[in-house]
């Protein structure tokens, strides 16, 4: 394999030239009125949204091949995909995946507590809807706990699914990936979306997917992965102002790693062995959207999800209720509501100090935000959220954010927002000793939530006809980080575990800091050629604890992405994409071992899309065009080499 690594300096020069080239841009025919809902809880133009927010549109998702949502997020500024192979996760602004809240149509989802030893990165994204069912993806960079509560420290990813239609329609996509290196596993996938009316007031929506990735014959590479999901929604229009929706879905992920193929063959505690993990998720939700005329608009849902790790005999049931009312009052747009969450964990295998196998907890919260139009061109959003939890008591999360439309082209926005992550169930249970090779981990009932304070300032430019650019600076203080320390003998009485490692327990002691800048550019070069790019600079440093002075995790300081799209004819579109990832510190075998610096790398992909008919489109692409090698010895993870993708989309 080859190595193609442009320096950060050359990339910065390229970016500067691209910005200067905007003076020669021609007007495009489309208008840019992108609407978002995640920043404030109601629809608004993206320039006016009180947050740093990016949108991946339906058109973006259809233009090329993405393995999953994680793959699509690689071009978003501020987003770092950590790890590699099929164990990737999503980090926003330097915060780990535990601090990224994932929503589907505004409903939170998480199954991480069925994987207490981080034995399943990449699983969370596998529960998301197939790409054919997604209308757009909204990504908020920075804390949003005022509206969304725990876990929204790094940011929020909201998957917005497609809406019902008044006539039957749908899409089917069939695709295959063939690896040039036959030691890497091929992949086949199919996903579909169909919707239509059952009566004047009742409509149905069904979507699903199946994916099979063959196991690599590369140690630490991709394991054998099978993914299946099916979701149905019934929408009932009570009257023009009120709608009810019932949703139910089932998902399954099976992952297998075998010694002699992708599984580790040496350096294990004891004998290295095959792994066979089976994860399941079932969910059901009922929701109501109402227009109460002069009072405002409401959005209410009740969701139950059951997540199971069958291989380790663990399951967690999450029940969430949330109701929000958005009310215009004079120059104010008021959003307020309540949210409740009940968690019930059953774990029959990992507690090594008592017979306890069940933990549960209930949280309640109230929140309020006000967008105040102080002037025609300036809006100030401020608000707060009060959470109450029987484990840690009460926690308040405030936010203040301003948006100033200087003129029709320029917008300045910025503010201060806060985030928190509540301790997980095992972390606060005193008679729970979580099995771990580095020392069994005792729960601590005195833990407080982890917190962050984010400050940011953005400058945005948009002509409304395709040309747009933005520059954002941010600074984040992360406090009360929960970490493991040696446990006093009067607390951890069980002594060393089966591997001879002394017990540990969790405390709030660590602090960290992240800061950086994010830049974006969309440039219509001609009526048929468009360039889009993003650049992210991130610095992170742990301020206390055993790893003071080190980055938080797998965090490259420099990320750069550029995509060139050419509408060659009415039926033919071609594209090329460059993704540069700067050097980064990688943990070798876990946080307790020495770190090493992984070198930078660049991937270049290219492909075409051709409309065979009005309803059938064929797509082809070459990924990792120059066969850049990313191996475990140098990077701590494995990525695919050159591979070929062929897909067929059928609309009806």
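Keep in mind that glycine also has a Cβ here, set from the backbone N, Cα and C atoms.
As recorded in Swiss-Prot, the features of this protein are as follows:
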- 1-25: signal peptide (SIGNAL)
- 33-40: motif 'TonB box' (MOTIF)
- 45-162: domain 'TBDR plug' (DOMAIN)
- 167-652: domain 'TBDR beta-barrel' (DOMAIN)
- 635-652: motif 'TonB C-terminal box' (MOTIF)
Per-region confidence, the motif 'TonB box' (33-40) (mean pLDDT, whole number): 91
Outside the motif 'TonB box' (33-40), six or more residues from its ends: residues with CB under 8 Å to it: 46, 49-51, 53, 55, 57, 103, 106, 138, 140, 144, 147, 156, 158, 160, 333, 335, 369, 371, 381, 464
Counts of helix, strand and coil residues, the motif 'TonB box' (33-40), according to DSSP: 0 helix, 2 strand, 6 coil
